[in-house]
């Protein structure tokens, strides 16, 4: 017998003792053993433990009973299934015992066992088998109404089972429904309440037929409001419908037109409990079926407005003293009794609370009605801030906060530049409400109730975030409220932290001048909080003090407030926190950060305290725990424009920082490099040379491609040091350059690192005398290309040539006197017949950059060389020469542009390359310098719009787009006219040209483009397929980059867009390829473009979409071509995250095409490509399934549950699903999709 088995055997023996203490201790020890992961019971031990614990459930001692029932939880996952069934059978029998205590213990035991069983989603069938076993016994217990206690326990357990395992119990759903429905008529409230909960869970999991039966039963039982019926019966039915709405509202949509008018009528009956139930049902319907509730929104809004004020027992005075209320006598009849309405009978607060929650659901589910809500709901909510019941007041605040969040304008530069009309109107209305809100909250901010004040702070924080600056004129009221809460030591610390957090937010949203008059009374309580003994308050107060310093005495603006009266106290209280050694880590870090801000912003006013403070920062720099915040604080001090004297700490700080560069901790390295760069910029020649050498010795190891960000900061620092102390670079320039040149040969070089390298190279040759000779640097840069030409080594990546060319140009710009000779040498290399392809490519790319610096010395020769290269057999040489011709031409338009236009006319075979050159010239030249040539270019381009090659037409379109930017107000109307005048290829080219006018950055053409965009979008009705495809690509670009251009047009555009998602049989044809027939769908590219537009709309215009209509077309796409299915799978996944409620309504229809894709088989004998395509389709479909499974209630769908079970039972699908879940966990941010 193993040790564990022997120990358990001895415990079982003790459990038979007559001494209750022995039995209790033995059961407690058994509990400890069962909770160990390592314990394994043999079959005999299992049987004995189960038998003993079931026996102890009937123990005479209650404490032993309770401990035994707790042991069942860990036991059921350690024993075999038949033992679990034995436990469950015994518990079910005990539930029907005559002994009340045993019944109670059995009920608790069943709940414990069910809660510990592994869920069905894990693939274990244990829970399902156990639940099936006890369902029959539970239904019989519920049906026999002899013992209400047994009924209640059984209903509780059944409700719990249905919530966790509703779908696997499908075989019992019909019997459960017929068992539960009669309980709605039970005379006992508790039975009715539990039956309502169980029916809600059943409604979410049952089949469609059973759900219809349930809904019809409930609706048929609902009488008309004038039919005499028991109020209790009506209440129960409405509560049941509300429960069904909450659990399975997505299935109730089809019944709402019949149901909602009845519930509206019942709301008007004089029964507050019934009103509460009706409003709760409306809330559920609005959240789960917002589209179907659309026609009923006006009536529901009216009822909410009526009942949020429903307080028959009180009269709120209308004068300023809103806290004094006056009670009136009133009669209230409830269930045929006529008693005086007293506070004890007052149920009206529940009605008001339900109305407030329903209003919150209204606002969140119908963002399209926001302007109406601002007019109708907002004033009423503001007036109800005076609500006397704390719970109701909290929900009123929540409802107004939901309104604020819906009003929040979309984030990003575009909306900041140009608010959409609707958003601007909403913000304007909200701005008018601000004085009313502040007035309504003035007394609440000093309310005795902590919860009321917390609600005020939350609401005002949201308001400040939506309308920054709007609270400035109300600062006296707000400061008074903040001080009241900061001084409140009688309540919990939470309210003081909330007040500090609110103040911190205000400092970020309101202008600094608003705080100036209040600082004398505001600063003392903040500093008292800094010194508070509770670490969380101290940490929060230090952040506020830091924000005060940053906001009131900004670095780069004149000081509008004299800091002298405050700086001493602020410094003293922060230093006290900084010096303490036994502090919480968070307080230490925030004290260091706060001191960094104090020194950086007000160091010139610290006087004699400055040096001790700096030394204290240096001490924190030595400490491993505080070194990271100390580095950041030192950086703040270094970048300060106050030019503080850092000599007392400089040498030692540099040596410490140098040691950090050796640490294998990325965050530390990045912070250290930022600090070093700041110190080099601010201190320059003051840096001790020996300390600088110690730092520089660590840098070569950091300049490599293993961490590009670290490399970029290291090179930036090198450039700064080169300018500040050139002599320091003498010893390390060799190793550093060696690493930098290796880095420049990386094909993955980011733009930031390249820019840093250019700056460093310019610094090296820009010093006097230069640290490294210009000619030597050029030689080092170009050596890899020339060496490759000699030894025939592996070719460099194309991107490397561009990087090297940029560096050559940077050096030429830093040494203009050398530029001409460099250009001459490059021309020779490009012309030489002995030069390799790589040398020529580098020469042309370098000329493209250097040519604009070198001047006109070699232009004639250069033209000839470039033209000759356009005929090179090497595609890379031709492309580089084309690029160089355009870039050099942009620097000398009078010489090059007429020549380039002549060549385009004269050389039709080289037209594509020459048009690329023209595109580069148009993009690089100044608009004003191009105006004299605009007409000639315009005519030339439109002559080439009808070219046969689509690639050439694409370049022509891009050239037209760049040309329009030269003179938008004149050329954009001309471009629009070409739509009517041109043939199909011309129309397509014009639309593509307009696409190139849209960038992801603000541009002066945007307002003009917006005024014309509707006319360009009319091309969606063009009879030509290619024109419609080009228009969809243009629309997609607008939606993706500048959604405000098209938002106002969506009502007209969306029907046309959806039309393009349909498969058109007249565009499908058969093509014979030898003995085979091949189907060609000419409409595929247009459909694909339409679905790409739909995806982009999800990201930027979600609020303007009718998601139910949108989903109709997504469903069609799920059965379309491979490319479109891939797109719609991604859309389904995104929709599951963005708007789960409407997706849940359609989940049964969405699952079938996903299942079909996941289970599809490739025909035997298919090529490898077909297998790869099918695998990719399966992965994409499974990602969509995984996203659908994140919707909280989706598991209750029978079809989804069936498919989940199919996935688990199929090894291939299970492995795929597991792989996708791992991918999602490791890379959660997969929201965006690159679309061509």
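Including glycine, each Cβ sits where the backbone N, Cα and C put it.
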With Swiss-Prot as the source, which of 219-250, 251-282, 283-314, 315-346 is set down as region 'Disordered'?
315-346
Need one number: mean pLDDT over the repeat 'HEAT 2' (44-81).
90
Chain residues in Cβ proximity to the repeat 'HEAT 3' (83-119) (below 8 Å; excluding those fewer than six residues from its ends, i.e. six or more beyond):
46-47, 50, 53-54, 57-58, 62, 65-66, 69-70, 72-77, 126-127, 129-131, 133-134, 137-138, 141, 149-150, 153-154, 156-157, 160-161, 164-165
Hey, which bits of the same chain come close to the repeat 'HEAT 13' (608-645), Cβ under 8 Å, at least six residues off its ends?
555-556, 571, 575, 578-579, 585, 588-589, 592-593, 595-601, 652-653, 656-657, 660, 667-668, 671-672, 674-675, 678-679, 681-683
Under 8 Å Cβ-Cβ from the repeat 'HEAT 12' (565-604), and at least six residues away from its ends along the same chain, one finds 519-520, 523, 527, 530-531, 535-536, 538-539, 542-543, 545-546, 549-550, 553-555, 610, 613-614, 616-617, 620, 625-626, 629-630, 632-637, 639-640, 642, 644
What is the three-state DSSP composition of the repeat 'HEAT 10' (432-469), stated as helix, strand and coil residue counts?
30 helix, 0 strand, 8 coil
Beyond the flanks of the repeat 'HEAT 15' (690-727) by 6 or more, those residues with Cβ under 8 Å of it:
650-651, 654-655, 657-658, 661-662, 666, 669-670, 673-674, 676-677, 680-681, 683-684, 735-736, 738-740, 742-743, 746, 748-750, 752-753, 756-757, 759-760, 762-764, 766-767, 771
Tertiary contacts of the repeat 'HEAT 6' (210-246) (same chain, 6+ residues out, Cβ under 8 Å)
173-174, 177, 181, 184-185, 192-193, 195-197, 199-200, 202-203, 252, 255, 258-259, 262-263, 265-266, 268-269, 271, 273-274, 277-278, 280-281, 284-285, 288, 335
Please list, for the repeat 'HEAT 3' (83-119), how many residues fall into helix, strand and coil according to DSSP.
30 helix, 0 strand, 7 coil
According to DSSP, how is the repeat 'HEAT 6' (210-246) divided among helix, strand and coil residues?
28 helix, 0 strand, 9 coil
